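Per TrEMBL, the features are as follows:
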DOMAIN    1-58  domain 'Ig-like'
DOMAIN    90-170  domain 'Ig-like'
Amino acid sequence: GVPEAEVTWFKNKVKLSPAHHLHDGSLLISNVSLSDQGLYSCKAANLRGAVTESSQLLILEPPRPLPYLEDLEAVLSSAGTNTHSVLTSPSGTKMTVSPGSSAVIGCAVDGHPTPNITWFHSGEPLSIQNRLLSAGHILQIFNVSDAPDGEFSCLAQNEAGSLTQKTSLAIQEYRWSVDKLTACSASCGHKGVQLPQLRCLLDEDEVNISHCKEKPKPTLQPVACNRRDCPSRWMVTSWSPCTRSCGGGIQMRRVTCQLLTAKGSSVPMSNEACAQVSKRPVDTQNCNRQPCVEWVASSWGQCNGPCIGPRLAVQHRHIFCQTKDGTSVSSDQCSALPRPLSTQNCWTDVCGVHWRVSLWTVCTATCGNYGFQSRRVDCVHIRTNKPVLEHHCSWRPRPVNWQRCNITPCESSRLLRGGEALWDTGRKEGRVISQ
């Protein structure tokens, strides 16, 4: 313009320092960074007027790896202790996890504009159960056992470029271990063996043996041990049966001194050879020293207990435990013996009874709700027909001795009788009177 215009530069409508201006009206931005992105405007003005031109400066930054991912810590704290984490890298990372656990894989990348993240497993789109978090930067795998062998990778893309980072998950395997032996089953002789102990290991750590149940068990071969002659020792047979079942008896066994060789044969030795090692065991002992006891029953009592049927009653007797010499002892000492009965049924003429009822009396009313009638109920002997105490007949339900009767409305009864009178009158006069 004429006169020459004065140029002023603005960034996002904020005036810039003249230090960046060039003499030809240009603006120089050295060492461009993301902070330089924005709307730049230049205003040219002189005495005759002013004009403003603008241009949007966009800074593109291709995806680049980051050393950490802040959101990963928050996801781990909420996922639980059985969750492992790893960050991908351009060269590839590795992580070993236990079967059945979950894993969190972070794709720590940056770029401008923000890159889009796509996940792959062995170069194919994900097909296992998973969840994407933090705008796709975090891949959560719920059960690593569902993931076959292969590599996980994340592809970060924006307008400036792309970046692929990867990691490999190795699933630990449970395995059997037989590196330990049990203690020898014998200190000498010909039968001493040691059995290999099966252990279930996960990454060299012993775990519950149930984790290895799907794995085929290795063949276990016993190992011979301590195969040598034993020192002389006393050998005893089993005790013989007791000579008496109670009251004190005797039982015996055979005691000999023998030497067991490494080949399994027994060699008789002198008693002195064993006496130097240990005291000779006894060959007789007392047994069944408890007193001999029995159940004793008294005579049956009279057959006059409560009647339980026609001519049928109950009689009782006492049962107690005593020794053979007649001393009474606790019933517990006879508990191993069958206990005699203390009660039994018996026949008696006293219980030959039944309920006798009389005829019902005339009802106390011809209608209404308060009429009743009664009858006499007695317990009588079948043979003598004489009354006895009622409890003798209690084995049968007692018949009722009163009941309600003539429960009909009194009004309808009077109307009925009035109608019968009119009917009789009309019949005599040769005409029907309707009512």
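Think of each number as a place in line: the chain as shown, counted from 1.
Glycine is no exception: its Cβ is also placed from the backbone N, Cα and C atoms.
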Averaged pLDDT score, the domain 'Ig-like' (1-58): 90
Summary of DSSP states over the domain 'Ig-like' (90-170), given as helix, strand and coil counts: 3 helix, 48 strand, 30 coil
Residue distribution over DSSP helix, strand and coil in the domain 'Ig-like' (1-58): 6 helix, 28 strand, 24 coil
